[in-house]
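Look at TrEMBL and you will find 1-23, 31-45, 229-239 tagged as compositional bias 'Polar residues'. If you look up TrEMBL, you'll see 54-384 marked as domain 'THIF-type NAD/FAD binding fold'. The feature region 'Disordered' is assigned by TrEMBL to 1-45, 223-245.
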């Protein structure tokens, strides 16, 4: 049985007073399907009252990082329990705008897993994003909250150009592939995440991401060049504030969802039998689930013997393709995963949502190394393994998909070029 989520955020931890009455004005539909541009930030940078409001987090990651967070426009797709956690953390961090895209109505199961939904009267059959929007806005009135009620599968590639970061949650693998292709063509950073009861995953495709690490100056010079198959040192310079430190600029290269979700494990894992034995079998189960979704367009039904047999075969094949020992994929693991598919458990989505939101903040601040590039969470063991999954050969980063490929390429990758446009709702 899935554990119902009963906790709710205890107001705005930043200390702002929530407005008592919120209106939801409809904004004109954009005929090309793109989101309306959020209000621009002030030319003078972050204000004194914002410095006071976000004082604790500025002390943690710095004023420059907070200014980057303050100007970020983020698209969050599908408002379920996992997205609730992500939205909460990002809005409280003080981003510029959050656009929530969800076309589905509130279901009875949503009432037990989402803390942004009002309990009385229950908003059954109301659009899920609209129903949650008032509570989200109250967390931080300084953040612009936009609502889009059009199916994300009907959006043209140009829709994503209005955002800095796109986060897609609880979607099937083919849809994630289409969205990621569109974000690549628009040179936008992309995250995907999903939860299945006690299990879940995070994925990031930041294309190419530069960040600066401050560290003690070594006796050996810091030379530009590769550190790993995905990471390289671009430059280094003495810290302007401490002569004992240096600021090192590094660059991480990423793969697309399509490639990463089918790529082998890193060679350092495959060369060690001991390390292969500790790779979670949930990775094999997730890959089998994505394959099942692509082939049959649905989740496997654990009560259907034919589907159960097919899913079991897929899990075995994916486990073997990863080069993992057969004994680590046990029947009880398969049964547990099957029974959890589609479920939502509060502590699990809290961990996943918190980790994803923190990585988004780190990426915006550019002072921490980002997730590279898959996280697989096993709530039974309370473990979150991070795996760098990339093709053995070929380019990474921008070389995977030319940004200048044009809209025709994007249209071929997606199915909704003509169906764009949508109802935008702005909560001011």
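Every residue gets a Cβ built from N, Cα and C, even glycine.
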Discussion item. Quick test of the contact rule: Cβ under 8 Å, at least six residues beyond the ends. What residues does that give for the region 'Disordered' (223-245)?
Written reply: 210, 214-217, 251-254, 266, 369, 372-373, 388, 390, 396
Fill in: Helix, strand and coil totals (DSSP H, G, I; E, B; other) for the compositional bias 'Polar residues' (229-239)
0 helix, 8 strand, 3 coil
Worksheet entry | Segment-level pLDDT (mean, integer) for the domain 'THIF-type NAD/FAD binding fold' (54-384) | 94
